[in-house]
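Have a look at the structure below, then the notes.
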Amino acid sequence: MTQPIRLVINGASGRMGRALLALIREDGRFDLVSALVSKSSVHNGAPVFPELPSLLRYSHEWDAITADVVIDFSGLDGLAAALGFCAAHDAALVTGTTGIDATLQAKLDEASQRIPLLHATNFSLGVAVLKRLLREAAAALPDWDLEIIEAHHNRKEDAPSGTALTLGHAAADARGTTLAKDAVYAREGRPGARRSGSIGFAVVRGGDVVGEHTALLLGQGERVELSHRATDRSIFARGALEAAAWLTGRKPGSYDIDDMLKARVSG
Ligand SMILES: NC(=O)C1=CN([C@@H]2O[C@H](COP(=O)(O)OP(=O)(O)OC[C@H]3O[C@@H](n4cnc5c(N)ncnc54)[C@H](OP(=O)(O)O)[C@@H]3O)[C@@H](O)[C@H]2O)C=CC1
Ligand SMILES: O=C(O)C1=N[C@H](C(=O)O)C[C@H](O)C1
């Protein structure tokens, strides 16, 4: 019998952390060895599964952990700590944290030469398909105006969402350009007529919206709208657990969710 994968959840008390904990109880592939929170967290020391005969408590201590894989949904400081642990202990790292800056991205790239690392801005299957459809539509309609609209709950800290940026990069790439060259992130006052070839972003924040993304391709007299609506965070949590099972034991490298889905299809 194979041993369960020793798993750490980093950011365990958050919206995504809780969605992961709800699934992990029923998932025999994993042994949850640690549920990590920040040093200042009110959850430190509290039982993770109060209703179960489990001794696991929320902690901020990485020191005594032995693990095969870390799933991180914590934020920039938490991700940096998870990366330090994984690099020092040859553990795999799955992260869904968004809003990553250039400095942390460089550290992720460097560490992926030594450990398997999968970063996805969105773990839903529907968004993976939306990205493919958008690539195709953006290339097939190169002269149509492209705008990406996203909506999220009122606690979200980064904007545009990681998913909106990933969709933007995919569309830009399909048109032979880059977001660095063609993205427009804000319009106010009198920005003037729309620059042909630009890729616009619009952000909505409010209430408890789980995550909604629409790519609008606007032509003369017609438009194409490609949309995805997440209504339950468990879709992201399930995707992250699949990624953790898939990534554990793989050779070092920087993987994305398409690598996992392609490998699944080709067996
Ligand atoms: N890729 C995807 O599919 C998805 C990505 N996300 C992204 O995941 C991230 C988290 O989202 P969400 O769960 O909504 O955010 P939350 O704010 O709800 O959760 C993050 C948790 O991380 C904990 N935390 C903060 N600092 C640290 C630290 N240094 N070490 C360990 N834990 C820490 C905090 O808990 P405490 O205060 O108790 O320490 C906090 O509750 C965001 O970047 C979001 O954009 C979200 C959904 C899906
Ligand atoms: O913060 C969130 O909630 C989400 N963040 C991700 C993003 O920035 O794209 C994914 C999902 O939309 C939920």
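Heads up, residue numbers simply count up from 1 along the chain you see.
Note that Cβ sites are derived from N, Cα and C of the backbone, with glycine treated the same way.
Predicted automatically and left uncurated, TrEMBL annotations should be read as such.
What TrEMBL records for this protein:
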- His152: active site, proton donor/acceptor (ACT_SITE)
- Lys156: active site, proton donor (ACT_SITE)
- Gly11, Ala12, Ser13, Gly14, Arg15, Met16, Gly96, Thr97, Thr98, Ala120, Thr121, Asn122, Phe123: NAD(+) binding site (BINDING)
- Lys39: NADP(+) binding site (BINDING)
- His153, Gly162, Thr163: (S)-2,3,4,5-tetrahydrodipicolinate binding site (BINDING)
- 5-123: domain 'Dihydrodipicolinate reductase N-terminal' (DOMAIN)
- 126-261: domain 'Dihydrodipicolinate reductase C-terminal' (DOMAIN)
Taking the recorded positions one at a time (Lys39, His152), which has its Cβ surrounded by the most other Cβ atoms within 10 Å?
His152
Inside 10 Å of the Cβ of Phe123 (NAD(+) binding site), count up the other Cβ atoms and send me the figure.
27
Of Ser13, Lys39, Phe123, listed as binding-site residues, which ones have a Cβ less than 6 Å away from ligand 2?
none
Taking the Cβ of each of the binding-site residues and counting other Cβ atoms inside 10 Å, which one has the highest number: Ser13, Thr163?
Thr163
Listed recorded positions: Gly11, Lys39, Thr121, His152, His153. Which have a CB under 6 angstroms from an atom of ligand 1?
Gly11, Thr121
For the residue listed as 'active site, proton donor/acceptor', which of the binding-site residues Ser13, Thr121, Phe123, Thr163 has the nearest Cα in space?
Thr163
For Gly96 (NAD(+) binding site), the number of other Cβ atoms found within 10 Å of its own Cβ:
25
What is the three-state DSSP composition of the domain 'Dihydrodipicolinate reductase N-terminal' (5-123), stated as helix, strand and coil residue counts?
34 helix, 29 strand, 56 coil
Cβ-based neighbourhood (8 Å from the centroid) of the (S)-2,3,4,5-tetrahydrodipicolinate site, residues His153, Gly162, Thr163 excluded:
Thr98, Thr121, Asn122, Glu150, His152, Lys156, Asp158, Ser161, Ala164, Gly211, His213
List the residues of the same chain that sit at least 6 positions away from Gly162 ((S)-2,3,4,5-tetrahydrodipicolinate binding site) in sequence and have their Cβ under 8 Å from its Cβ, in sequence order, or write 'none'.
Thr98, Gly99, Ile100, Thr121, Asn122
